[in-house]
Amino acid sequence: MSGYDAVILVSFGGPEGSGDVLPFLRNVTRGRGIPEERLEEVAEHYHHFGGISPINQWCREVIDALRAEFRASGIDLPIYWGNRNWPPMLVDAVTQMTADGVKRALAICTSAYGSYSSCRQYVEDINAARAAVGESAPAIDKIRHFFDHPGFIGGFAKQLRASLDQIDNQTNTRVVFTAHSIPTIMEDCSGPEGARYSDQVAEAAALVAEHAGWAGPHDVVWQSRSGPPSMPWLEPDVNDHLKVLAAEGVDTVVVSPVGFLSDHIEVLWDLDNEAAETAAGLGLRYLRAGTPEIDADLVGMFRDLVAERVSSAPLKRLGKLPAWDPTIEGCCPARRPPAPEKSRGR
Ligand SMILES: CC1=C(CCC(=O)O)c2cc3nc(cc4[nH]c(cc5[nH]c(cc1n2)c(C)c5CCC(=O)O)c(CCC(=O)O)c4C)C(CCC(=O)O)=C3C
Ligand SMILES: [Fe+2]
């Protein structure tokens, strides 16, 4: 007896044609004061791919694979799909669930880590959609952070191993893990005592390296920062880090984007174009390790994360960081409220 009568995949959403790009970007950045020039710059990244982000198609394939996985494991729950920023929108999915009589659903959010952007914001958007539908909307809980689940680690480790196998002489090879940068103010209030986002990324990176059989050095760096230069974000940026590595005598770099489950625009543009170009300019051999995409381990992980909640199946975790409930009231605000001294005066 679990009390759940449905599962909903909740993802970021992405444009599927050039006309979608600017409206999508306006949805993502609504109320955030991101300048129009930044939007136009980001729009260019999407236009290199015909305005199509692979993220929606990836969601469709994950849902198909997960339905098969549910059938095979006797989990008899329908799977809905709602995005935060582009159709199919969360509010429409919640409307449909309500019409179908769903009372309590479990949300699979497609981000592995804590922090406002990667967790709390998903919960807020789910709750906004429920509020828009009204009293009869189902209750929706979120699955836990899964950065150290063996299916997540295994999915990345396989891809990293495949890249390493292409390098004959690994003496001066460096493995570089990347995740999306976030403002340091957001990092400082991630998790119960702060910095849990970067701690989780670091733990995932170490586990992926270990499971790929990589005993050489690895680093964790950040990618895809936005926001005004005056606002500090997590550093170093992957491009700056490549310069440091070249100066240290590294000749081959393998970049594994553990911050993302699939190849979307940040991976295809910021890594496969920008960082690859930076590396070429420095004379570095550059290999980008794959993301799990719809790897069987990753799909099996989603099944496990549902099974944990519907039938109290044991938690599969490889890491040592304490777990924390991603839905604690007030956890991971976008920023801390200003200290009293600072809010007085100007
Ligand atoms: C931590 C994190 C993840 C990983 C967790 C997760 O997966 O959720 C992530 C994922 C993604 N971010 C994405 C796209 C964008 N993120 C933006 C802006 C921002 N991201 C931030 C953080 C993150 N972002 C932050 C702190 C901002 C600035 C402030 C704000 O707006 O909150 C902007 C606005 C323009 C810009 O400023 O760059 C865009 C277009 C896409 C879709 C890609 C596609 O379409 O293929 C995906 C999966
Ligand atoms: Fe983002």
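Cβ from N, Cα, C; glycine included.
Feature list (source: TrEMBL):
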type	residues	note
BINDING	Ser53, Tyr122	Fe-coproporphyrin III binding site
BINDING	His180, Glu266	Fe(2+) binding site
Scan Ser53, Tyr122, His180 for binding-site residues whose C-beta lands under 6 Å from an atom of ligand 1 and note them, or write none.
Ser53, His180
List, in sequence order, the same-chain residues at least six positions removed whose CB sits under 8 Å from that of Ser53 (Fe-coproporphyrin III binding site)?
Gly14, Pro15, Glu16, Tyr46, His264, Ile265
Assigned element (helix, strand, coil) containing Ser53 (Fe-coproporphyrin III binding site), judged by DSSP:
coil
Students should find that the Cα atoms of Glu266 (Fe(2+) binding site) and Tyr122 (Fe-coproporphyrin III binding site) sit apart, in Å rounded to an integer, by 19
Reduced DSSP state (H/G/I helix, E/B strand, rest coil) at His180 (Fe(2+) binding site) is strand
Cβ contacts of Tyr122 (Fe-coproporphyrin III binding site) (under 8 Å, same chain, 6 or more positions away):
Val10, Arg84, Ala107, Cys109, Ser111, Lys142
Per 10 Å Cβ neighbour count, which of the binding-site residues His180, Glu266 ranks highest?
His180
